[in-house]
Amino acid sequence: MSAIVDIVGREVLDSRGNPTVECDVLLESGVMGRAAVPSGASTGSREAIELRDGDKSRYLGKGVLKAVEHINTEISEAVLGLDASEQGFLDKTLIDLDGTDNKSRLGANAMLAVSMAVARAAAEESGLPLYRYLGGMGSVQLPVPMMNVINGGAHANNSLDLQEFMIIPVGAPSFREAVRWGAEVFHALKKIIHDKGMSTAVGDEGGFAPSVENHEAAIQLILQAIEAAGYTAGEQIALGLDCAASEFYKDGMYVLEGEGGLQLTAQQWTDMLASWCDKYPIISIEDGMHEGDWDGWKILTERLGHNVQLVGDDLFVTNTKILKEGIDKGIANSILIKINQIGTLTETFAAIEMAKRAGYTAVISHRSGETEDSTIADIAVGTNAGQIKTGSLSRSDRIAKYNQLLRIEEDLGDIAFYPGRAAFYNLR
């Protein structure tokens, strides 16, 4: 038995300089697991609740001392003596202890830090790398990275409404090569932006945030960079968008400031997205509609769902109850998986499994406020998810995940598998 003998929570900083929760879990054998949780900028209204102190005299009210105290008192008392290898039982203990639907009493940030740290400790105890511990011998598939090279929306101070413009190396023969392709396009893009006299400063997720005239201009910059780096857009490197449409939905209309204040109905906005998909090699669109606009989602899915991956992030918030409703109604064809949206590893894996059974893809994702913790890299391989979103090719909080995936690919050796375009099995 891998008995838990000590738990220590602490307040540390994330990549934006805001406090977040870190947890150490010590086992009887002397083995320790450590994990730190991320935090989002644009969040879904039905996400599990991240507990913040609200004390304006510390960190502008964003301190997490209450969440840390919950780890060091209540949670510690409840889990000391439990077997760290019983992840499901441990997570259920945390959920029952919290007693709310949205983890608002203890805080999803406190619960997730413990859940992740326990898994790390148990993996260490078993002598297995985390991805193998989580997924077993069948965990051999590396994820296709969706690399956020231009930022807009809530992640940048420019005129772009859409939050992320991504490159997807679908034609790469391996994960290592996919990362190289992405890095080379990133550097080509930096040169193009610089040569146009625009800022090459990067946003929260490591992508550039140039002030361009409209969204198509941003797409065209990326296409130029792909070509300049020596690759073929579409065949080798596809494009993805994260609209984060809940952020520009006002009074039932989609208001695009970056398109001159254009106000569009869901049907008109779908038409615009469809026209971009016809013109450019876009194979994935995330949060194309407001999280509450299920009629809009239905229009979008019926129009584009056969040949474009439509990812629900704010829509599904990694929640099986909401995902099941979406599957039943034929809404979207993919779910974004953010561990802190739901608050435990067990519930995260349940959402991935439900998506796969329904023929939906599951895209493992970072948050805009990250740490050096690379657990999501191991989750991506451990669950054979096939896709990961973990930012651009800069900032060590993003690179930490790419580097961990490079190590995993090396560890797997000849049995490592990079799916490329096959990761988009929801498209026909």
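The backbone N, Cα and C atoms fix where each Cβ goes, and this holds for glycine too.
Per Swiss-Prot, (2R)-2-phosphoglycerate is bound by Gln163, Lys338, Arg367, Ser368; the candidate from Lys190, Lys191, Lys389 named for the same site is Lys389. The record from Swiss-Prot ties Glu286, Asp313 to Mg(2+), and of the options Asp242, Asp251, Asp373 it ties Asp242 to that site too.
The recorded positions shown are Glu205, Asp242, Glu286; of these, the one with its CA atom nearest the CA of Ser368 ((2R)-2-phosphoglycerate binding site) is Glu205. For the binding-site residues Lys338, Arg367, Lys389, the ranking by surrounding Cβ atoms (within 10 Å, all protein chains) places Lys389 first.
Distances between the Cα of Gln163 ((2R)-2-phosphoglycerate binding site) and those of the recorded positions Glu205, Asp242, Glu286, Asp313 are shortest for Asp242. Neighbour density at the Cβ, taken as the number of other Cβ atoms within 10 Å, is lowest among the binding-site residues Gln163, Ser368 for Ser368.
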